[in-house]
């Protein structure tokens, strides 16, 4: 049973807040078998951060031509500008090495980002883009006209697509696995990798233990940056892997565009609530009553501003105070967006409490990070059961969000979910059809947004456009390449 409560921004205050935590039964959990993240990676002796960047816009990107591993296209002026923006974004990071694809569009992007650094670029032929054989060089409409059913298979079932006696996506996954052997063997603690759309998807997927069926699910935009953290595991086994963020782009993550090359009109945005007051300042009412602190208030306003690029149709939020306050800021800005004249009537945005987005106090405690809870949970039965309850309720929460998206493919619909990072981590795993154990393989910061598109409607697979996007927070954001541990609080 779902608990959806209509919520008016004007009445969204702490006095109207009811604490009603819904704990689903453990036996309701769905445990699908999946490989452990990082299981196929070599052991590490020290922690390592790897930043993946896709090349800037190329001439063939602009023409809509299939590039594959051909080396004819070069960066456009826009692509050069995107690479310069990425250079500025990564300027303060002390990278120890830069691996790059040898193809011109990628190498030029790497040269721009790497400008002013002493070490030489490290070319790796396995970082080249996916080999597409006879498709390479064709305009997309030409591929459709010449190859018909074969081109349709490439679009609809890429993991099993075969051309000229090859399975391109399967070959790509094998190459990506080979790349990780060399990247992780490098002695540097911070490594930059500049490559391509498909190969960066494969790098993200393979280190998380995801198969070729995840091709086109983890989006990589021109000059989008993805950050992966690797930490040694006890006993010298494969490292622990965490996707700190996916596809942080120079431009807005909610700007109009396609997902995986396909138009989409259905979107779910996971907006993490702003930072709250520390637990020492909270009354006996519990952490659920913790209001936003000064930084959290700024974060909520910044999130509301970046979402102005969209017309939000509905907002579902946790009934906890910080989430309600963040959702209210988004709602008020959305309703006033088209109302600049004196006689204008504000646009209505539906805002509702969703109790399945509410979390228990243990996840909000400042002194214990979510990662600590997960790691301790494997040994402590009480905390493990707490995690199980969060996972169980996330199933209903995810379904409630999908129910907000109409099946009508022609109708645009944008739904925003506002809650604590912990519940959003579970929702990302639900979207990707991953088990509970994957929750610690993703990271979300307060005030971040994650964007999921549904080009095939709510019954189709979600395409993750970005996770943990924080560039909209400006000077109050956590730098893209900086670890979050031991950072001083605002």
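Glycine is treated like the rest: Cβ placed from N, Cα and C.
Per TrEMBL, these features apply:
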- 54, 55, 56, 57, 58, 59, 60, 61, 105, 140: substrate binding site (BINDING)
- 55: active site, tele-phosphohistidine intermediate (ACT_SITE)
- 129: active site, proton donor/acceptor (ACT_SITE)
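Everything TrEMBL records as a feature, shown here on the structure.
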residue	record	CB count, 10 Å
54	substrate binding site	30
55	active site, tele-phosphohistidine intermediate	32
56	substrate binding site	28
58	substrate binding site	25
60	substrate binding site	20
105	substrate binding site	28
129	active site, proton donor/acceptor	24
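Taking every pair among 54, 55, 56, 57, 58, 59, 60, 61, 105, 140, the residues listed as contacting substrate, the largest Cα to Cα separation comes to 21 Å. In this structure, the C-alpha atom of the residue listed as 'active site, tele-phosphohistidine intermediate' lies 6 angstrom from that of residue 105 (substrate binding site).
Note: the CA-CA distance between residue 56 (substrate binding site) and residue 129 (active site, proton donor/acceptor) rounds to 14 Å.
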